[in-house]
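A.B. asks: Dropping the structure in here first, questions after.
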């Protein structure tokens, strides 16, 4: 458990967008996909996924439709909209900038050595 | 965008709440099932797998709520909360809510009623197809009437109208086999219904092709209402033969339900062809000089503009002028809307209704000012609560939303109640028959426009008065609440806000004073005009209306019958005198005639010396009517056809034709047919057409020398009117059971003449009372607010030994100064408004000590009434209690 990192506030939305950008998924599928692409390194409370999904749905970044899952159960499938794709790119860029900045700030500086 | 989004999701949340809940639930369950599937695949038994899945999922209920909020439930929930909160607050102070709702109920109700009437009379088109292209022909300068031959020429020779129809208003006795009853009818040209593009409800209409010369078309078309009320909606009525003025007529059809003729103020009972005119009246159908046809009207052809139509009519008129110079001088036209008889009724109605709408709008504005200051006062009472909420992290938006929710809730409830009241009032007005003998019905039933206007006004006023405390909330400083002192906004701003509120109060009081002044002016004017000298006596007079024509008396049979009626009524015990006239002053119609000086030889209308109202009367008429003779003699039964023509004229006539009254006695004048008439007496002036008219020339001719078959019997007696009416009815029935008789006291006959002034007075009075109530509420609110703000100060003053008088001055001085200022402004405006009122109510003048005093006393009483409770509260301040509270 300790190997898993807590999510930073606001990053769940980005992860959901990223997960869904690889193809339509139902809620549980989103969870599995995030686990898979993060290499199981991130801890997400399962139910907390849904307020995030609905928030994105309401902002028009996702669209949803009922369908049948691979387990033959009824499930709601989420898909990225054009706006959602654009937002994903923007957020990814800004995250990368932030991460680079933080990483370089935290990296050992020459004078420290 | 976001607002629209949240509104949309709010609406969908409201309506689909359950559905959304169900969907969220299903989705979350589906997640848990999927997880359980995986766990099961990992080797767990199903039941254990599901339990684990549930635990892993987390707090189900909490997540469900959060999910719902994320979906947009937030806004709706918040609004519902606001409304619940507002309701709770209103329940806690029901007095405030009730006062606010009542204020709006009256203000919005008044607006809805006035708008309903305005809508029905002015905005709503006539109930005929394509009414926008329907015009009446207005003959300049005077009116819309034509002679029948002129109508035919206009109809046949114009190129602008699809077809021109004509109608005339008439009374007739309808005998369906039992008692003959009097009915109001319209004699119409054969093409009338076709020209108006109407379809019958039952049977058929008569058409132009039914006209084959005089008395050739004995057909009746009933209006729908008359068919329902007098024939019980019996469809077999079509084809039935009835007697009209003793002549057989066939009922051929029933008109459409929504059609009441083309005059808004006159709802006829049925229609007969105008070619049968000789069976209703003695005027000659073929006389080109006698313009008795009430109105001509028609639809303009498509593409013809009114200006083109007028030019076309004028050219027809010019050729008629040339052909008949004696009968048709100056035939110039304009087009007028038929519903209110062009501008004749239209202009006063429009002017008055617009003014009334304006006043009603002012009332609403005053109400908003009122509620605005009440709301501001409440918001500052709540300033501590608001500051606390802000300090705890509530947003200003949220607090304002709460305030607006309360304001709009109040305005909607007030609007709904007001609308309900006004709908009831309008419905009652619609079935009310204000003048018993005249088929006047005001169809002012509210339609969708009235509802829309009421809703709009409610919302607008809610936003308006809800907006007053906005600045106050925005300025509230949360740190003040934390610091714990009295929460007050800064001094300078405080002063500014107070003066804005003062302004609201002054405006409101001024509006109220205008309304009070106007209504007192109108009431006083009406009272005055009833004690006026009409040129006849109202007291102890009965007016008996008969129509010998309807009973089949024609030509030579008329005068003896008239004499018999007079003698029979004079023989009733208690009757002093009986006179007979073909018409009476302030009656339905006022026939007039051109008059020429004795020296005029060319008697064309252009040479007339004046136009005079003409009464044809029996001997003793003057005594019976109570009209005083200034000089000369009355008529006697000797003034008959074999004697030289004589006349009694009024003073105005004498002055206008002869210069002075002295010169008039014994002098001669001429009537259009050439007769020389000698003046043998001079009577006092009177009111003939309306109560507000200037003195009109009038002449009285002996009925034996110029016979008329219309007969009003004026009976003078001090007996009880009801008993007398019974005696008169049975006496006349003994003479001829088929004679239609209509009996009223002379007072009742003035209903029609007084209708306008009465309606004006009532509506102004109602608005005045409402204005008064509003300012009581306003002054009360203002005074009690300022008292409650300064209670601590009063406590200290009392403790230091202040006198009651000083205390009162401190508590209410400001309010009363505002009251005095507002009243003064309002009275000045009211004096100006009085001039407008004088057009409708005769003798209405604001320069009357009773009016001015009345306004002053009223305003003072209102102030005392409103200041009473706050003053008591200020005086009853207990310093110990207040100090202890701190």
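Don't overthink the numbers, they just go from 1 along the chain as shown.
Just so it is clear, glycine is given a Cβ too, placed from its N, Cα and C backbone atoms.
Curation plays no part in TrEMBL annotations; they are all automatic predictions.
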A.B. asks: Using TrEMBL as the reference, determine which range in B:450-470, B:471-491, B:534-554 is annotated transmembrane segment.
C.D. replies: B:450-470
A.B. asks: For the feature transmembrane segment as recorded in TrEMBL, pick the matching range from B:68-95, B:96-123, B:124-151.
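C.D. replies: Going through B:68-95, B:96-123, B:124-151 one by one, TrEMBL flags B:96-123 as transmembrane segment.
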A.B. asks: Looking at the candidate ranges B:314-334, B:503-523, B:566-586, report the one that TrEMBL labels transmembrane segment.
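C.D. replies: Of B:314-334, B:503-523, B:566-586, TrEMBL gives transmembrane segment for B:503-523.
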A.B. asks: TrEMBL lists transmembrane segment for one of the ranges B:207-234, B:235-262, B:263-290, B:403-430; which is that range?
C.D. replies: B:403-430
A.B. asks: May I ask which of the stretches B:403-430, B:764-787, B:850-869 has the most CB pairs under 8 A with the transmembrane segment (B:503-523)?
C.D. replies: B:764-787
A.B. asks: Quick test of the contact rule: Cβ under 8 Å, at least six residues beyond the ends. What residues does that give for the transmembrane segment (B:352-377)?
C.D. replies: 96, 99-100, 103-104, 106-108, 110-111, 114-115, 117-118, 121-122, 403, 407, 410, 457, 461, 464-469, 472, 497, 501, 504-505, 507-508, 511-512, 514-515, 518, 760, 763-764, 767, 770-771, 774-775, 777-778, 781-782, 785, 836, 840
A.B. asks: Kindly state the mean pLDDT of the domain 'ABC3 transporter permease C-terminal' (B:766-879) in the predicted structure.
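C.D. replies: 80, rounded to a whole number.
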A.B. asks: What is the three-state DSSP composition of the domain 'ABC3 transporter permease C-terminal' (B:358-478), stated as helix, strand and coil residue counts?
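C.D. replies: Counting residues per DSSP class in the domain 'ABC3 transporter permease C-terminal' (B:358-478), I get 96 helix, 0 strand, 25 coil.
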A.B. asks: When secondary structure is assigned with DSSP, how many helix, strand and coil residues does the domain 'ABC3 transporter permease C-terminal' (B:766-879) contain?
C.D. replies: 95 helix, 0 strand, 19 coil
